[in-house]
Amino acid sequence: MSSYLFTSESVSEGHPDKIADQISDAVLDEILRQDPKARVACETYVKTGMALVGGEITTSAWVDIENLTRQVICDIGYKHSDIGFDGHSCAVLNAIGKQSSDINQGVDRESPLDQGAGDQGIMFGYATNETDVLMPAAITYAHRLMERQAQVRKKGILDWLRPDAKSQVTLKYEDNRIVGIDAVVLSTQHSDNVDQKTVHEGVMEEIIKPILPAEWLSKETKYFINPTGRFVIGGPMGDCGLTGRKIIVDTYGGAARHGGGAFSGKDPSKVDRSAAYAARYVAKNIVAAGLADRCEIQLSYAIGVAEPTSIMVETFGTGKVANELLVGLIREFFDLRPYGLIKMLDLIQPIYRQTAAYGHFGRAQFPWEKVDRAEELRAAASLK
């Protein structure tokens, strides 16, 4: 019997890097509302008392960058100097330019179907049947802990909570099946006037216990709640934040490979984002069809070229049919050209700010989480 531990982490919407991601995607959403053909690559940097929004944007839309940035920061919960960051009074700097015409000529085509990829690169998608959302369990529960932290904070259930937080979940596996939770780490920013006993008890009762499956917890499970003993200075006062620095948190928590490209602030012509979503969609439908228990897809593209330069499938010995057959089914049922996958997943819509915290995958509201091709795939593979 093989036994091993596997760990994934998540961060809250108030983590500095996630503040940056949410600002970048809020800018993208507002532009897409006005200009579906916009080209957007928006980057954000946050530090004590300031937010810098930059990048390359070509659009007919007009967006009040300063007001939108302040709104996002305040919505997260940073709206008073006592917390260390105040969306009402922080400086907002705008350093946005236009996308290079050299890139435009490779992407834009007379026929939309011939639209080229916005850059070269490799993208991965993954699915596993170990959770109901066909995502790895460790990252799924790490995200849910962070969502619960925000819910408890915003409802005032624990009024000493502050926006910045991190979680980490270590699962124990035997023969590739989860048998329990070995360790939980949860660090949360808090007010200066609360003692650590109160923090520990509050986090256990209001955040950890309502989220983690009771059958996975035991007297051997280890809990590390604010293990440094104090977490008052947080958010951009504690660390600077930058768009695109939480790419493993955004995807599969280390359970699958990553092509290296970040998502937030990029319009769907950037295959770093859109093709990673498409790869997840393909992998999830393969697992939902029962063609594999685990499935990882790799796609690759060349800048200015519509067709993917490669498609790879890995099922880790769990496939019910050959990987080569799965590649053929992918080519038959999924249009993975940039314009094709944008249409297939209806990506030209202002949905991206909500992706920028708690993971881009495993959340039913997003179109790449549909399993509407599973029955077709199953039938085509001749599985009864």
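Every residue gets a Cβ built from N, Cα and C, even glycine.
Per Swiss-Prot, the features are as follows:
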type	residues	note
BINDING	His15, Asp164, Ala165, Lys166, Arg230, Phe231, Asp239, Arg245, Lys246, Ala262, Lys266	ATP binding site
BINDING	Asp17	Mg(2+) binding site
BINDING	Glu43	K(+) binding site
BINDING	Glu56, Gln99, Asp239, Lys270	L-methionine binding site
REGION	99-109	region 'Flexible loop'
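Features recorded in Swiss-Prot, as mapped to the structure shown.
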{"residue": "His15", "record": "ATP binding site", "DSSP class": "coil"}
{"residue": "Glu43", "record": "K(+) binding site", "DSSP class": "strand"}
{"residue": "Glu56", "record": "L-methionine binding site", "DSSP class": "strand"}
{"residue": "Ala165", "record": "ATP binding site", "DSSP class": "strand"}
{"residue": "Arg230", "record": "ATP binding site", "DSSP class": "coil"}
{"residue": "Asp239", "record": "ATP binding site", "DSSP class": "coil"}
{"residue": "Lys246", "record": "ATP binding site", "DSSP class": "coil"}
{"residue": "Lys266", "record": "ATP binding site", "DSSP class": "strand"}
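Taken together, the residues in the region 'Flexible loop' (99-109) have a mean pLDDT of 55 on the 0 to 100 scale. In the structure as shown, the Cβ atom of Lys270 (L-methionine binding site) sits within 10 Å of 23 other Cβ atoms. Largest Cα-Cα distance over the residues recorded as binding ATP, namely His15, Asp164, Ala165, Lys166, Arg230, Phe231, Asp239, Arg245, Lys246, Ala262, Lys266, equals 36 Å. Using CA atoms as reference points, the binding-site residues Asp17, Glu43, Glu56, Lys270 were checked against Arg230 (ATP binding site), and the closest is Asp17. The binding-site residues close to Asp17 (Mg(2+) binding site), defined as a CA atom within 10 A of its CA, are Asp239, Lys246 out of Glu43, Asp239, Lys246, Lys266. Taking the C-alpha atom of Glu56 (L-methionine binding site) as reference, the shortest distance to any of the binding-site residues Ala165, Lys246, Lys266 belongs to Lys266. Take the Cα of Lys270 (L-methionine binding site) and measure to each of the binding-site residues His15, Glu43, Ala165, Asp239, Lys246: the nearest one is Glu43. Around the Cβ of Ala165 (ATP binding site), 27 further Cβ atoms fall within 10 Å across all displayed protein chains. For Lys266 (ATP binding site), the same-chain residues 6+ apart in sequence whose C-beta sits under 8 angstroms from its C-beta are Leu28, Val40, Ala41, Cys42, Asp272, Arg273. Take the Cα of Glu43 (K(+) binding site) and measure to each of the binding-site residues His15, Ala165, Asp239, Lys246: the nearest one is Lys246. Neighbour list (Lys246 (ATP binding site), Cβ cut-off 8 Å, at least 6 residues apart, same chain): Val11, His15, Asp17, Lys18, Asp21. With the fewest other Cβ atoms inside 10 Å of its Cβ, the least crowded of the binding-site residues His15, Arg230 in this structure is Arg230.
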